[in-house]
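Working notes for the structure below.
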């Protein structure tokens, strides 16, 4: 008697990657069902229309593939475990990455638990561009085969136990191949553009959105030499290395370097700027990271040579990690790096393998 196929619940977002993931798993012999997660309570017409369209696309794909689509509302979990922390970080003058938190708390926690306990799933699957490999009895997280779309940076908080319960079908493909499969299958999502913006909140004017929840506090813009040259509308709207949207204009004759944000004085509500994207005040020789997550779930001790990304799509930076007390590490770069931003994540790699990462607590500036 043959064994019944393993059941996989695919997180269906209404996008092309999850659509093709569902089909690929069908081809591999799994019993596939979809789950559409509603993680945000829309409060205006535009938001509602986007969410409704995504659900309709997910349903159309599932109908085409002949699979059942479940829906679940995780809006309360998202608000409590992602959004409130996101606002707290902005209030503190840091720049958080909500997509990482959303993966940790929603997609690979709330969704994983719901799929296993309520839907009887053996695995969950998502349309992330990452791969998994089993080494010495532990599942490892690998970069996606398409280096341009690799999303391992956003999944570093996952432990080997979660990865063992997760499948990433498109991680073995390149994006154009995924779109070609969707076109050949006649899926409505084939030409749908990739979503951008905050995880589950979608594409909207970020400044307007943030302003709904946090009151703006205007303050001075000063240069590194102490000259006041303008006014900002709120530190939360600015991040290190930012050039656009400062409202201080360019240089008079257009020959000098443009202004960049090099620091935020949260205590005094002052934005500090300098000219040139390689200004010494913008450069860091390293960083201190906290809230560490290692994929193998082993505590880190001692010293390690590896590479690090301090933001998504950044070229890997060779570095040395030194363990500090209290679950913190010091990271020293081989060469100075621009715009290392507190609140963002530092993610570590050994070749193709994502080792884990942590939140940047502070940068170690090139100049003090």
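For all residues, glycine too, the Cβ spot is worked out from N, Cα and C.
The ATP site in Swiss-Prot is built from 11, 12, 13, 14, 15, 16, 17, 18, 37 plus one of 120, 127, 137, namely 127. Considering only the recorded positions 102, 128, 344, the residue whose Cα is spatially closest to the Cα of residue 13 (ATP binding site) is 128. Looking at 17, 37, the binding-site residues in this record, the fewest other C-beta atoms within 10 angstroms of the C-beta turn up around 37. Residue 102 (active site, nucleophile) and residue 37 (ATP binding site) are 12 Å apart (CA-CA, integer value).
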